[in-house]
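Colleague: Here Swiss-Prot flags C17, C53, C82 as [4Fe-4S] cluster 1 binding site, drawing on sequence analysis. For C150, C154, C157, the entry in Swiss-Prot reads [4Fe-4S] cluster 2 binding site, with the evidence type sequence analysis. Annotation comment: Swiss-Prot describes 8-118 as domain 'MTTase N-terminal', evidence class sequence analysis. Annotation comment: Swiss-Prot describes 136-373 as domain 'Radical SAM core', evidence class sequence analysis. What Swiss-Prot lists as domain 'TRAM' is 376-441.
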Amino acid sequence: MSKVTPQPKIGFVSLGCPKNLVDSERILTELRTEGYDVVPSYDDADMVIVNTCGFIDSAVQESLEAIGEALNENGKVIVTGCLGAKEDQIREVHPKVLEITGPHSYEQVLEHVHHYVPKPKHNPFLSLVPEQGVKLTPRHYAYLKISEGCNHRCTFCIIPSMRGDLVSRPIGEVLSEAKRLVDAGVKEILVISQDTSAYGVDVKHRTGFHNGEPVKTSMVSLCEQLSKLGIWTRLHYVYPYPHVDDVIPLMAEGKILPYLDIPLQHASPRILKLMKRPGSVDRQLARIKQWRKICPELTLRSTFIVGFPGETEEDFQMLLDFLKEARLDRVGCFKYSPVEGADANALPDQVPEEVKEERWNRFMQLQQQISAERLQEKVGREILVIIDEVDEEGAIGRSMADAPEIDGAVYLNGETNVKPGDILRVKVEHADEYDLWGSRV
């Protein structure tokens, strides 16, 4: 009787943004396909992979701590991801790391795993890997990454130095993945990249093929095709190019969710110029007004930076005035912090930490009031809600206006006879600055 060789076991730590999560899913899918077992503890693992984030200082620190914990608990560690692009920085703190690769280096990661933990010779588990691959999100939603890298050179950002220039995935490949996800039960697809609106720019929007039909490689064409799948499609990381205007009618027609995540970063033309971002606030306000005219249900999410080098009280007041005028639904705000390798570090007139803190508090106080007023307008209305969690007290879901992890929730007390992924019609009964409460219609 032949002896059964135990499956080699790999531990995995995934840090950072949804784009990094997709990279982790791809590596895990390859490992499972090759017959490796992925285990949840360091003790049982033959080796640990840490997929790092390196965007801001706190993320670097979290990544270094995760690497240290994996080394202490296991000893055999491979590092990949954004921080992996800075090998010297990792080796200085953790010289015992076996191998280090940068982001989206899937083949290199697998080669390193093969070197230290050889592939199993017999793989009876191949058929157990689902066609859509290993997913780290709940079954009813998934991230769909359409490109890698970015062509912009914002002075506060080092992503291009880590992930390179824009490389768009073939549109046929993207749409085939989307179809596999829907076939596997996904009800909501979240389109992500470093710059979603630039999709196809690097290949001059060439025509690709899906199911034998020609399809242009562009954000608008992608949205048109995804709308045929009969699921919720949500756009993230949309740089404010002029052609973003073209997706608003698709939202008004119900083809994709009326939700736009569009990072604006500031409202002072002078600060935007220092950031190397587009700088016409009046034009942006006019666009927002026009978008809402075309699609009254539109939810706008954005992110901003306060305390950027050179930001005066006058610049900051322009930002507050913009918030009052734009009345955005969902807003994230970050206090500027120097990122190693960013051009903004060399700018004069760095803003003191106490001023950053004070401005951040004023920003958040104003935006919370605006967000609360925007949500209060929904009380008494009926909305669609996708269920995320159910327990003995009721269900928690999200409206079309809420992306997972970053936006609010809809609480349905006592609604226990539903399951994650169900989409319900709900009457809104109460709201605060972030969340809604309601009951099933």
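Here the Cβ of each residue, glycine as well, is placed from N, Cα and C on the backbone.
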Colleague: Residues near the [4Fe-4S] cluster 1 site, C17, C53, C82 excluded, by Cβ within 8 Å of the Cβ center?
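Modeller: Nearby residues not in the site list: L15, G16, K19, N20, T52, G54, F55, A59, G81, L83, P103.
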Colleague: I'm trying to understand the geometry here, so how far is the Cα atom of C17 ([4Fe-4S] cluster 1 binding site) from the Cα atom of C150 ([4Fe-4S] cluster 2 binding site), in Å to the nearest whole number?
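Modeller: If we compare the Cα positions of C17 ([4Fe-4S] cluster 1 binding site) and C150 ([4Fe-4S] cluster 2 binding site), the gap is 15 Å.
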Colleague: As a test of the contact definition, list every same-chain residue at least 6 positions from C150 ([4Fe-4S] cluster 2 binding site) whose Cβ is closer than 8 Å to its Cβ.
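Modeller: The answer is C157, I159, P160, R163, D165, L166, Q194, D195, A198.
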Colleague: Using a 10 Å radius around each Cβ and counting other Cβ atoms from all shown chains, which of the binding-site residues C17, C82, C154, C157 yields the largest count?
Modeller: C82
Colleague: Can you tell me how far the Cα of C82 ([4Fe-4S] cluster 1 binding site) sits from the Cα of C154 ([4Fe-4S] cluster 2 binding site), in Å?
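Modeller: Just about 17 Å between their Cα atoms.
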Colleague: Using the CB centroid of C150, C154, C157 as the [4Fe-4S] cluster 2 site centre, which other residues of the same chain sit with their CB within 8 A?
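Modeller: Near the [4Fe-4S] cluster 2 site, the remaining chain residues are H152, R153, F156, I158, I159, P160, Q194.
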Colleague: In whole Å, note down how far the CA of C154 ([4Fe-4S] cluster 2 binding site) lies from the CA of C53 ([4Fe-4S] cluster 1 binding site).
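Modeller: It is 18 Å, counting Cα to Cα.
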Colleague: Determine the mean pLDDT over the domain 'TRAM' (376-441), rounding to the nearest whole number.
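Modeller: Mean model confidence (pLDDT) across the domain 'TRAM' (376-441) is 94.
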